[in-house]
Amino acid sequence: MNLIINPVAFRLGSMSIKWYGILMASGIVIALLMAIVEGKKRQIMPEDFSDFLLWGVPIGFVGARLYYVIFKWDYFAQNPGQIFAIWNGGIAIYGGLLTGLVVLILFCNSRFLPPLLMLDIIIPGVMAAQIIARWGNFINQEAHGACVSLSFLQSLHLPDFIIKQMYIAGHYYQPTYLYESFFNLIGLIIILALRHKKGLYKRGEVFFSYLIWYSVVRFFVEGMRTDSLYLMNTIRISQLVSVILFIVAIVLLIYRRKYKHVKWYLDGSGLKYPYER
């Protein structure tokens, strides 16, 4: 008998506290701490990150939900009461990232901070949060791939608890959450290992590196998933967005290197630190 992990971590009265929420909250806290530590080295005050978090996270969640609702509109048009039932699942990371990007640009403009430097600083934390939060999909037994055999999962040398959790309704499934989490971890290690090397990253290029890396990872992982959002029932939305982001990141990276005088990432903000608001 396969014993699965209960998605509910514990209860507070009638309220169920789920592992997915705990993992997401943990990822957000870790992302904030990583940004604060790195930000001090780049002359950005800790409160700028915490203040952005207060705006970026809730609006990002709204964007993640809207993205999902828009591309599942046939269903939600018939069930409008489900639009706000986020506890039933249905958020899309690209929606959250794109919305968060807009919020960050507006936030930085209001505080006279360099947006690309802010992105460079927070992106490793965002990657760490993604890595952690994907395990919420594992616990919820969602966002998986197609049916596979037990022997296939065993051939990947996965721990028994992962194999058991991928047994859903009588079948074993591809652990696509694990593939994305694993390759994002590799990308994070590479970025952390390289971003402090002198003469390597110019401002914005840590962020562009993330876009390039994650868009490739997501493109291939999305092709294995069975719960993709589709455009015209043929094109996987996340794959399309991945291609667009990949091209945009490459073009911007090359253009700014060739035609723009861009400061180095290690130069920081150039602001007198510490500064007062």
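In case you wondered, yes, glycine gets a Cβ from its N, Cα and C as well.
No curator has checked TrEMBL annotations; they are predicted automatically.
Per TrEMBL, the feature transmembrane segment maps to 17-37, 49-71, 83-108, 115-133, 176-194, 206-225, 237-255.
The transmembrane segment (49-71) shares the most Cβ pairs under 8 Å with 83-108, out of the stretches 17-37, 83-108, 206-225.
Counting same-chain residues at least six beyond the ends of the transmembrane segment (206-225), those with a Cβ under 8 angstroms from any Cβ of the stretch are 116, 119-121, 123-124, 126-127, 130, 143-146, 174, 176, 179-180, 183-184, 187, 190-191, 195, 236, 238-239, 241-243, 245-246, 248-250, 252-253, 265. Two recorded stretches are said to be in contact when at least 3 C-beta pairs lie under 8 angstroms, sequence spacing 6 or more; the transmembrane segment (176-194) and the transmembrane segment (115-133) meet this definition. Nonlocal intrachain contacts for the transmembrane segment (83-108), taken as residues 6+ away from its ends with a CB within less than 8 angstroms of a stretch CB, comprise 51-52, 55-56, 59-69, 71-72, 76, 114-115, 118-119, 122, 126, 130, 140, 142, 229, 237-238, 241.
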